[in-house]
Amino acid sequence: MIAMNTPDFQRMKKDNKKISMVTCYDYWSACIISQSNVDCILVGDSLAMVMYGHSTTLPATVEIMAQHIQAVSRGAPNKFIIGDMPFCSYRKDLTTSMNAVERLMQAGAQAIKLEGADAHNLKFIHHVVKSGIPVIGHLGLTPQSIYTLGGFKVQGKEPSAAKKLMADAKALAETGCFAVVLECVPSELAELITHSISIPTIGIGAGPATSGQVLVLQDLLGTNNQFQPKYLKKFLNGFELIKKALDDFDQEVKTSTYPHLETHCY
């Protein structure tokens, strides 16, 4: 049984209880998260970068997303799972876009997330919500628009940009989103948005005042020693710990210490 549902997001904001979200892509790590206190899981299109080594999220497809959602849902059947709508999957005709939503939901998602709040997106979100499917919005640094934004940069610094982000957040709430991700926006702006809309905000690089926080699992575990954006706290030195385990294995194999005849052999 899933421990969390969409009304819980609203309740937690009302009760001033922070929401924890982790981005996860595979079965084995989902199994670990399923035993943790983390509230919910995002299967993000960032898997194109983290799992496949691409430089952007754009190569993620609906089918790739569905496969990873299936794996995560099998590993963490007790967690609320959000599936990312990948690049351009919701910018096509309504039937094609809804087929993409259907694929992700049938793969095991309980909600979908999509980036931006232009007129096209708002109309589509309205249709999806009216179809009984929960939607999370995503504002600020929207990686699918990376070439338009000019890189991975903080958004909303200028007054006009901040005003637009506020208007977009209000529009997403009014259209029926049950939460919105705020990525790489000034903390004061994120706080103002959080207090100005009825739905929870989930921050990544958006300061402490948002309704919750999301980090990629591999990032918070510190598995990439080359990746250190300002917003990231590494809760584990995973790179060094994993490397040491591999080196210890290598040494024990080469010195015939492993496998031990009495302990590891049949």
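Yeah, the Cβs are placed from backbone N, Cα and C, and that goes for glycine too.
Within D39, D45, the residue that Swiss-Prot lists together with D84, E115 for binding Mg(2+) is D45. Considering only the residues assigned to 3-methyl-2-oxobutanoate binding, D45, S46, D84, K113, the longest pairwise Cα distance works out to 12 Å.
Counting every protein chain shown, 22 other Cβ atoms lie within 10 Å of the Cβ of E115 (Mg(2+) binding site). Separation of the C-alpha atoms of D45 (3-methyl-2-oxobutanoate binding site) and E115 (Mg(2+) binding site): 11 Å, rounded to the nearest whole number. If you take the C-beta of S46 (3-methyl-2-oxobutanoate binding site) and look for same-chain residues 6 or more apart in sequence within under 8 angstroms, you find T23, T57, D84, P143, V216.
Between the CA atoms of E115 (Mg(2+) binding site) and E183 (active site, proton acceptor) there is a gap of 11 Å.
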